[in-house]
Amino acid sequence: TISKCYVQVTGMTCASCVANIERNLRREDGIHSILVALMAGKAEVRYNPAVIRPSAIAELIRELGFGATVMENCGEGDGILELVVRGMTCASCVHKIESTLMKTNGVLYCSVALATNKAHIKYDPEIIGPRDVIRVIKDLGFTTSLVKKDRSASHLDHKQEIRQWKRSFVVSLVFCIPVMGLMIYMMVMDSQLSDAHAHHNMSSEKMEALHSSMVLEYQLLPGLSVMNFLSFLLCVPVQMFGGWHFYIQAYKALKHKTANMDVLIVLATSIAFVYSFVILLVAMAEKAKVNPVTFFDTPPMLFVFISLGRWLEHVAKGKTSEALARLISLQATEATIVTLGPDNVLLSEEQVDVELVQRGDIVKVIPGGKFPVDGRVIEGHSMVDESLITGEAMPVTKKPGNTVIAGSINQNGSLLISATHVGADTTLSQIVKLVEEAQTSKAPIQQFADKLSGYFVPSIVAVSVVTLFAWIIIGFVDFEIVEKYFLVTEVIIRFAFQASITVLCIACPCSLGLA
């Protein structure tokens with residue numbers, strides 16, 4: 001009896017390491033065959049359990065100077081096939097396909113769904129291949145085809161997100177610059193006023209007169225200054241267009257009972273905007289002589305910084321995705337499978353989808369063609385461009401016995417190769433998988449930050465609410481404290497609101513969120 005085991009091999013750097021392991025282990029007693037995948041760092045060994053154990057095989061690899069551990073979950077080598085089956089009418093058709101396939105040698109698992117016309121099959125690539133499975137289903141009287149995989153890597157395209165965040169950033173920036181200009185002007189004028197007060201001991205009446213003579217403090221209507229009116233006009237478009245995507249994301253998060261950074265951003269900007277708008281209406285209703293303090297400058301500036309961050313993030317993601325999409329496009333889509341007679345006489349050839357190539361198939365690659373799978377040359381001489389893997393611009397000579405890599409280009413001679421690694425096991429597929437995993441997996445610090453922000457948002461909201469009530473209580477208990485912070489006594493609740501909004505606005509674009 002022949003058993004199969006998988007060994008995780010570390011420390012391999014190139015094809016010569018693979019050849020070294022394969023050559024040395026083939027000489028050992030009890031080992032029937034060995035197949036090493038460089039990118040996956042995995043060796044598939046078929047051995048006689050009466051002669052040698054998997055632990056001894058790993059030890060032999062370690063003696064060659066590589067790290068080796070036996071992999072427990074041997075199911076890794078199972079082939080998985082997704083098929084579309086047409087012509088099924090009822091549950092008995094499903095049962096017929098499933099029972100026939102399960103009786104077929106090499107099929108480990110089979111599940112057919114009548115509603116979606118799909119079949120999910122697990123098989124042992126050593127015994128049976130995808131073409132054999134398709135033949136069995138066709139013999140039962142059904143038509144079947146492979147579920148087409150998206151080879152265009154469209155799921156990696158970030159163009160839409162890049163456009164969306166760029167638009168959001170530009171809208172916010174256009175309105176943010178005038179708001180910043182107004183703020184700076186007010187700050188400069190305020191500092192001049194305080195200097196004048198310090199040097200000339202100006203009376204408060206004259207001070208008030210100087211203050212009201214400032215252009216921006218001029219009241220268009222009682223309680224509505226030029227400054228507040230302009231800030232309101234500049235804030236509305238940002239709130240509606242610049243913050244649109246934030247509102248959508250925040251709504252989705254709240255719908256699923258979670259709180260993320262978008263919730264905090266939306267909360268801070270909305271409260272700042274609504275509070276400022278309400279306080280303006282109150283001031284106008286009261287015909288206030290003193291212009292109220294508003295927060296219309298908060299939303300544009302917050303949205304600018306955060307939409308810039310999101311835009312840059314998607315540009316960076318887009319760059320790695322672009323590289324990955326180019327890698328995926330290197331894969332061949334079809335293969336020419338040949339049947340050989342005695343003395344390697346060519347009996348027939350057939351064009352099949354690359355996913356239907358089975359291990360051990362003889363594949364013909366013509367000059368200028370791409371190698372569809374990893375394999376070993378059995379006939380022919382040629383030069384091959386392997387620059388996609390090695391970066392080496394010079395073509396490499398290939399003769400019988402040499403290995404070839406999927407995606408590399410055959411240059412001048414026709415070659416017949418025996419497929420050794422097919423489907424997801426080819427070097428190119430493994431590279432694509434590694435890059436995709438690197439993109440989707442998070443760094444430990446990022447996972448920690450995400451976990452933290454789950455608690456961060458509710459705690460900030462809680463602190464803000466506590467601040468609101470604390471200042472209301474302080475205001476009613478000891479009014480003089482509130483009076484200290486304001487030239488003109490304002491209503492306690494207004495001040496408490498201002499303090500709680502300040503907590504929200506300052507905590508919102510925190511370094512955690514921006515990072």
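Backbone N, Cα and C atoms are what each Cβ position is placed from, and that goes for glycine too.
Quantities reported herein were computed from a predicted structural model and do not represent experimental measurements.
Summarising the annotation, TrEMBL assigns domain 'HMA' to 3-69 (among others). Counting residues of the domain 'HMA' (3-69) by DSSP class, helix then strand then coil, yields 22 helix, 24 strand, 21 coil.
Residues annotated as domain 'HMA' in TrEMBL: 79-145 (among others). The average pLDDT computed over the domain 'HMA' (79-145) stands at 87.
Remote same-chain partners of the transmembrane segment (169-188), defined as residues 6 or more beyond its termini with a Cβ less than 8 Å from a stretch Cβ, comprise 216, 227, 230-231, 234-235, 237-238, 241-243, 296-297, 300-301, 303-304, 307-308, 311. The transmembrane segment annotation in TrEMBL covers 169-188 (among others).
Sequence annotations record features per position, and here TrEMBL assigns transmembrane segment to 220-242 (among others).
Residues or ranges marked as transmembrane segment by TrEMBL: 263-284 (among others). A Cβ distance under 8 Å defines the sequence-distant neighbours of the transmembrane segment (263-284), meaning residues of its chain 6+ beyond its ends; these are 221-224, 228, 231-232, 235, 239, 243, 246-247, 250, 253-254, 291-296, 298-299, 302-303, 306, 456-457, 460-461, 494, 497-498, 501, 504-505, 507-509, 513.
Residues annotated as transmembrane segment in TrEMBL: 290-312 (among others). Non-local neighbours of the transmembrane segment (290-312) in the same chain are 162, 165-166, 168-169, 172-173, 175-176, 179-180, 182-183, 217, 219, 223-225, 227-228, 231-232, 234-235, 238-239, 242-243, 245-246, 265, 268-269, 272-273, 275-276, 279-280, 282-283, 487-488, 494, 498, 501, 505, 508-509, 513-514; each lies 6+ residues outside the stretch with a CB under 8 Å from one of its CB atoms.
As annotated by TrEMBL, transmembrane segment applies to 455-479 (among others).
The transmembrane segment annotation in TrEMBL covers 491-514 (among others).
Within its own chain, the transmembrane segment (220-242) is flanked in space by residues 168-169, 171-172, 175-176, 178-179, 182, 186, 269-270, 273, 276-277, 280, 282-289, 291-292, 294, 296-297, 299-300, 303-304, 307, which lie at least six positions past its ends and keep a Cβ under 8 Å from the stretch.
Residues of the domain 'HMA' (79-145) grouped by DSSP class, helix first, strand second and coil last, total 23 helix, 24 strand, 20 coil.
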